[in-house]
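**Q** Okay, so Swiss-Prot annotates it like this:
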BINDING   HIS62, HIS64, HIS144, ASP215  Zn(2+) 1 binding site
ACT_SITE  ASP66  active site, proton acceptor
BINDING   ASP66, HIS67, ASP215, HIS273  Zn(2+) 2 binding site
Amino acid sequence: MNVTFLGTSSGVPSLTRNVSSLALKLSQSSEVWLFDCGEGTQHQIMKSNIKSSQIKKIFITHMHGDHIYGLPGLLATLGLSGNSKGIEIYGPSELRSYINSALKSSFCKLSYPLHFVEVENYASKNKILFENNKIKVNCACLKHKIPAYGYRVSEKDKPGIFDIKKAQSLKIAPGPIYSELQQGKKVVLADGRTFDGKEFCGPPRVGESFVYCTDTVFSQSAVSLSKNANLLVHESTFSEEDENMAYEKLHSTTIMAAKTALLSNTKKLIITHLSPRYTNKNAITPSDLLKEAQKVFPNTQLAKDFLTTEIK
């Protein structure tokens, strides 16, 4: 899996950062899942390597405008292009009425169905939000001025590496049988020989996991959601010098984000949702924010618009 940052500013866009949105590209699939959709997100998609036709699911963290104002326009564009068979939208219960009202008021009729999933019950009861044979999604309540939710996408363990040389040495012809063996299945060849796929595969490979937490002040539920994740993307609206403001507005400082990564044993942290007050021309710069976080959690990276990173 990989993620592409489409917007990394908090509250309002700046000349270099759009408001919140992130695209997750699934492994071995053309599917893209979008996390938040601030104003201008579809313009950001057009400038990136993401194809809007690949978007199948959209996850919204909360109902503040910098996370949702881009949704009606994006959904309308997907309808006009005629390339969408349906979109699943996950988020707070208010999201359905917001989207339906915006589309109705602008006389927009989509050519594809929208499927809404309200996440409150899943988050409060720690229920799996989505699951198939390759992946599952969990969500958790965060701590913000309005209800907000973090999301975790976890790949299921993958089959071990297939030993092709061993199969070839036993004169097993390449083809669909290799796929069955790689899945650990027992197969019977045309000559009557029987093989157990487990004998040709190494140990299962642990699937990657990605966690997206914004908006929130430091939250124990974010720590629990991020446990042993490969990548945590966490908001860092404020510098540690502005900690009082973070508590007042229920946003995170760089130190809070880093502490979440440290306590959850996350492999890598990327900080995003930066306040526009921190620029290279001001007393505190984005580079300073990165250094603050790295003091607590060294494997921290600073998000910027159009950054793409592999989850590993």
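Using the three backbone atoms N, Cα and C, a Cβ is placed for every residue, glycine included.
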**Q** As a test of the contact definition, list every same-chain residue at least 6 positions from HIS67 (Zn(2+) 2 binding site) whose Cβ is closer than 8 Å to its Cβ.
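**A** Listed in sequence order, they are VAL19, SER20, ASP36, CYS37, GLY38, ILE60, THR61, THR214, ASP215.
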**Q** Across all protein chains in the structure, which of the binding-site residues HIS62, HIS64, HIS144, HIS273 has the highest Cβ count within 10 Å?
**A** HIS273
**Q** Give me the count of other Cβ atoms within 10 A of the Cβ belonging to the residue listed as 'active site, proton acceptor'.
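**A** A count of 22.
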**Q** Quick one: of the recorded positions HIS62, HIS64, ASP66, HIS144, which has its CA closest to the CA of HIS273 (Zn(2+) 2 binding site)?
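**A** It is ASP66, whose Cα lies nearest.
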**Q** Counting across all protein chains present, how many other Cβ atoms fall within 10 Å of the Cβ of ASP215 (Zn(2+) 1 binding site)?
**A** 27
**Q** Taking the centroid of the Cβ atoms of ASP66, HIS67, ASP215, HIS273 as the Zn(2+) 2 site, which other residues of that chain lie with their Cβ within 8 Å of it, listed in sequence order?
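**A** Leaving out the recorded residues gives SER10, GLY11, VAL19, SER20, ASP36, GLY38, THR61, HIS62, HIS64, THR214, GLU235.
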**Q** Can you tell me the CA-to-CA distance separating ASP66 (active site, proton acceptor) and HIS144 (Zn(2+) 1 binding site), as a whole number of Å?
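**A** Distance (Cα to Cα, whole Å): 14 Å.
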